[in-house]
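Enquirer: Okay, here's the structure, questions in a sec.
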Amino acid sequence: MPCKESKSGVFFPHWNTTKRHDTMPQVTHNYLRGINRYLVVYVLFYFVLFTHASPAKSCDKNCLSGKCINGSCVCDRGWVGDQCQHCQGRFKLTEPSGYLTDGPINYKYKTKCTWLIEGYPNAVLRLRFNHFATECSWDHMYVYDGDSIYAPLVAVFSGLIVPEIRGNETVPEVETTSGYALLHFFSDAAYNLTGFEIFYSINSCPNNCSGHGKCTTGNSIASRVYCECDKYWKGEACDIPYCRNNCGSPDHGYCDLTGEKLCVCNDSWQGPDCSLTVPSTESFWVLPSVKPFGTSLARASHKAVVQEKVMWVWPHPEHTELNPSSSTQDDIYMFGGKLEAGSGNVTDELWVFNVPSRTWQRRSPVVGPPAQAQIYAVEGHSAHCALLDSGEAIMVVIFGYSPIYSYVSNVQEYNLKSNTWLVPETKGAVPQGGYGHSSTYDSASGSVYVHGGYKALPANKYGLVDDLYRYEVNTRTFILRESGFPRYLHSAGLLSGTLLVFGGNTHNDTSLSNGAKCFSADFLAYDIACDEWKLLPKPDLHRDVNRFGHSAVVSNGSMYVFGGFSSVLLNDVLVYRPPMCQAFLTEEGCVKAGLGVRCIWNRGRCLPWEPSMKLLPLSGCYTARITVDERCYRFSDCASCTANTNGCQWCDDKKCISASSNCTSNVRNFTLCPVRNEQVCSKLANCKSCSLNPNCQWDQNQSECHALPAQQCSEGWSQVGEACLRINSSRESYDNAQHYCKNLNGNIASLTTTKQVDYVLEELKKLQQQDKQLSPWVGLRKINVSYWGWEDMTPFTNSSLRWLPGEPSDSGFCAYLEEPQVSGLRANPCTATAHGLICEKAAGKRQTDTHPCSLHTNCANCTSQAMECMWCGSAQRCVDSTAYVISFPYGQCLEWQTSDCLAQNCSGLRTCSQCLEQPECGWCGDPSSTGRGLCMEGSYRGPMKRPAKQGQQSQSQDMSLEPGICPKDKGYEWAFIHCPACQCNGHSTCVNGSVCEQCRNLTTGPHCQTCMPGYHGDPTNGGKCQACKCNGHANVCQVLNGKCFCTTKGIKGDQCQLCDSENRYLGNPLRGTCYYNLLIDYQFTFSLIQEDDHHYTAINFMASPEQNLDMSINASNNFNLNITWSVGSTAGTISGEEVPIVSKTNIKEYRDSFSCEKFTFRSNPNITFYVYVSNFSCCFLSLLLVAAVVWKIKQTCWASRRREQLMRERQQMASRPFASVAVALDIRGENTDFLFSFQGPPKPIAMEPCSGGKAAVLTVLMCLPSGPSGLPPPGQSGLIVASALIDVSQQKPTDFKDKSQALKNRKALPPAHQGTCV
């Protein structure tokens, strides 16, 4: 039969029918064959009809990288999402050219994708980034020149990568030369942008020769291609123009075709094409063809200084500065920075480089007064050497970041002559220090101009700032000015009275960035004379020059920019030459010289203005701004308000407004501002730095540093240690004493320290001498029959304070001081009145210092802290979340965690899928082909091994290929792109290549990856399962850790080995079971709403009555019931024989009475009843009401047991979290009859939960009795507030959860335990 293929991929028969005339014998003879044929035809026909009647369900949306099967998309390998629209996995590309992308829409959160492009050995692979948009500094694309991440890293892309100039051929292009290229993309859990589209090609010309040449095959063995450039174009990609306009030949210069192919200008001309005069009224940029020593010269976060027309560059982020002393100008000083060795160590080392001798010498300075001054080891700081008016030469270190003390707002001074450090107290504006700012020193005026940076901001935030500080070195004064251009890791130089700022990272926050780029080419100018910022044109060069992390120096009237980072490390030099004031021949042209230069006309000549000149009103400045209040509102302290250039005043000691606004009491000079402790403390970014300042304290909850109040204890209180104490002489009951203290924001005093006890006794003795003898309440009360404790839950030790002889008596449950001279305590009924009380509250104490994130050495310690720490596995570093971006500004961290730590290396990953999620790992499958194997570091070609080196830690590039670790000739299989098809964790073989046939070894699951019910363990990769050990009280346990899910309520413990004694369950589950010990006259209700409650199928009760007993049990669904009794048995054991009384099955309720005549209560005082309720598992969960057991004793019980019950009730009342209830009554209406028109039970006005959420105090309004008139007496409301203790154990725990607290803490609060309220 011919077949056709349907759209759904199912083959069905196509039939041709013809009419046939058969004889009767033929019909008879072929009858059986005909039945069989028509039966087959009928079945096939039915199949056809069914296929057409019930076509395969189509997908609602297109499957972009997968197939639609039964209405849902089944994704190809490496793709996820409901439309298979997101990459998530590894890919291998072998075509000569092609594209790779994260998907057609925005990439998803927590994406990890890896592409391996394989060419031929030593082939050149070119990657062209046609589109790239990710979250700057957080989501990165890494490009390696090889087949693993252990190959050389050639580029790291992040942020928005687009050409600066429309039509400019500067789309980033990266090349690899090993024949491989590995690309790895990681995104975090925050913003997700449009992603990327990357075109790759093997053995192609760079940038297609930029349209200015042709691609030609070379004659070498590798047959690599190269560009033959057209005339007037040069460079590897023919993208560099040369000799434009023929260099103005012959008058301006000529084109040198023999060497670098560039213009050689005559003496009176300059510029790339010799079109500008010398001097010139125009500025220009030059990209000189400086031949570096090699790619190793490329660097970022370095420092450069100029000495005798030579630019010295240091490769690491230490900061350097020339010594300004006239006698030793040949020395270069280097302080701080990050060291390569160790886990991101930041050093405070000071080194001196002598230029003529080319030698280094380490200095070991001493710390000057005060002795306790802290010298900060910092990175991302700046440093300048300066001469003071006194002639002393110092090095000024400004701001920076310390892994121990966070962002440093201090200035550090090093005296070159005395070899001492000093941390001076500064004046003026209160600075906020940071990382990656720029700073430039003007020696003529003795000022340092500090701009931008990455800083910690108020309210536990962090980001870029646009601050511009002028720091006067001699007076140690900060003057503040904002720029409007936030950035960090930029550069700055001072030319002709203008601060020139170039480049930097301008990205602050993805949702608010408005296209701000990671790598900027912004060119800014701050006119110091006019106090104005201007945006200058960006460099007009043949390619984009965006970057951050570069350096800039000024020499011979020009600014030189070197290196930096723009997805790749740069080694080029940019030169900016500003307009020259000497070129302006008229006064009008001089004072309006243009952007980026400030000139002054003096005696018929145009001269550059310098900050050291006397500041006079200069023509050429724009009209002075009219200061408005909005410019001043941002300043929150007096000093910053008055020490800036906005024309502000500090008004009424609370706000900053314009100096032209009216104000009753104002300050306009920062020297008249009050003490600045609050402002200084607010700039300290972590607990460690806060603790260094004796005037500050750290608020752990808000993660902020606050100033200590002048008086830590308010009036009427006395500071004793870390507490404030107050003694009052009023006569109150214990409860009223507690309320009195709470109204003062304190508590009744728990005298737990010797210092507190000594103070109280001394004060009481003084009062005795004044004939004022007090016997005050203290915060000590009876917790249970034999246990006394303080109100702060500290146990009473009977050491500093002692009981008087014969105390404590059974009549009292609260304690007071009777005889201070002998430290005597006496017990008294809590309702009695004592003469006096002692209150306490916490003083404004300093918080215990927390552990800085940088000191944690593994992921578990790093992420377990309450503070915000982040762990970077690839760098093996723990960093503060406020400093993650500056800790890895160039994408050095492949992935970070704040919880759920991954294995520290590949060998800790147990499955192939987990293994291939980490870009550094590959999987070696064992010969069994059942999914077992070993995860190890490796590449596409095979596993890799780091050779052991003595004395130092190997770097990633030291990894070498070791195929012998996973020998293919012995049946091992190396997997790097995709896992082997059969993944049964060693517990089954596969059928059809990938389906586990039958899981063995007590395992189950599609990949035999989990243990069967009743067993626990980790069976992945050949692991074993073992039976749950639950002492007969559970059938199942937690699969990984073996924690049992106990089936009897009241039994707890990992192995069901304990009774929940805190909630009145007694017994011994190792020898029997646990019982809830019922109180008399008590109704017990339990509900199952917690996570583990659905495992409960039984609950047991016990009671020991003295008189006749009535009992009733009812439930919302059927249950089984057994009741026994015993004499002299121990709860939960079988030491006493239990006599069966009742045995019922499948009932909903049960009532019965047990008389003392039948069970001889009096002659057997130890008689105990046991009630077993079981088999109530399923239906009770849906109704959240399981069972209620009511025991009622008809006559009065033991007095001691009644007292115990009353004591517990009083304790519940005493644990009320609120001191009072405020009631607001609206009496504006004319009708007052509502006071007496209540119908039914009174409505509550407040319900205050007790500690633990098991009970609550219900508060209601009630009417007082009135006279015949029905009106209350004059001056009274006719209302009273009444309270009652109620049981709320049936209510959901979220009813009383503090929602505001839930917002403050990321970690969820533990749910209130559901049980009884006693």
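Here, residue 1 is simply the first one shown, and the rest follow in order.
Glycine is no exception: its Cβ is also placed from the backbone N, Cα and C atoms.
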Enquirer: Between the candidate ranges 71-96, 305-330, 721-746, 1293-1318, where does TrEMBL place the region 'Disordered' annotation?
Expert: 1293-1318
Enquirer: Quick test of reading the record: TrEMBL lists a disulfide for C238. Which of C229, C243 is on the other end?
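Expert: Recorded disulfide partner of C238 in TrEMBL: C229.
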Enquirer: Tell me, from C999, C1011, which cysteine TrEMBL puts in a disulphide with C1008.
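Expert: Recorded disulfide partner of C1008 in TrEMBL: C999.
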Enquirer: Can you look up which of C1011, C1037, C1044, C1046 is joined to C1025 by a disulfide in TrEMBL?
Expert: C1011
Enquirer: Least buried of the disulfide-bonded residues C215, C1011, C1025, going by other Cβ atoms within 10 Å?
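Expert: Selected from the disulfide-bonded residues C215, C1011, C1025 on minimum Cβ neighbours within 10 Å: C215.
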Enquirer: Work through the disulfide-bonded residues one by one (C205, C215, C999) and name whichever has its CA nearest to the CA of C229 (disulfide bond).
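Expert: Result: the closest of the disulfide-bonded residues to C229 (disulfide bond) is C215.
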Enquirer: By a simple count, how many Cβ atoms lie within 10 Å of the Cβ of C1008 (disulfide bond), its own Cβ left out?
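Expert: Its Cβ shell of radius 10 Å holds 25 other Cβ atoms.
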Enquirer: Given the disulfide-bonded residues C205, C215, C238, C999, which one's Cα is the least distant from that of C1011 (disulfide bond)?
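Expert: Comparing Cα positions, the candidate nearest C1011 (disulfide bond) turns out to be C999.
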Enquirer: Which residues of the same chain, at least 6 positions away in sequence, have a Cβ lying under 8 Å from the Cβ of C238 (disulfide bond)?
Expert: C209, S210, G211, H212, G213, C227, C229, D230
Enquirer: Compute the C-alpha separation of C215 (disulfide bond) from C999 (disulfide bond), stating it in Å without decimals.
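Expert: Pair distance, Cα basis, whole Å: 60 Å.
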Enquirer: Please list, for the domain 'Laminin EGF-like' (982-1027), how many residues fall into helix, strand and coil according to DSSP.
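Expert: When I sort the residues of the domain 'Laminin EGF-like' (982-1027) into the three classes, I find 3 helix, 14 strand, 29 coil.
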Enquirer: Could you give the mean pLDDT over the domain 'C-type lectin' (720-840), rounded to a whole number?
Expert: 84
Enquirer: If one looks at the chain holding C999 (disulfide bond), which residues at least 6 apart in sequence have a CB under 8 angstroms from its CB?
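Expert: Listed in sequence order: C984, H987, S988, G1005, C1008.
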Enquirer: Under 8 Å between C-beta atoms and at least six apart in sequence, can you list the same-chain neighbours of C205 (disulfide bond), or say none if there are none?
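Expert: Set apart from C205 (disulfide bond) by at least 6 residues yet with Cβ under 8 Å, we have C215, V225, Y226, C227, A237.
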Enquirer: DSSP says what for the domain 'CUB' (87-203): how many helix, strand, coil residues?
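Expert: Counting residues by DSSP class gives 0 helix, 57 strand, 60 coil.
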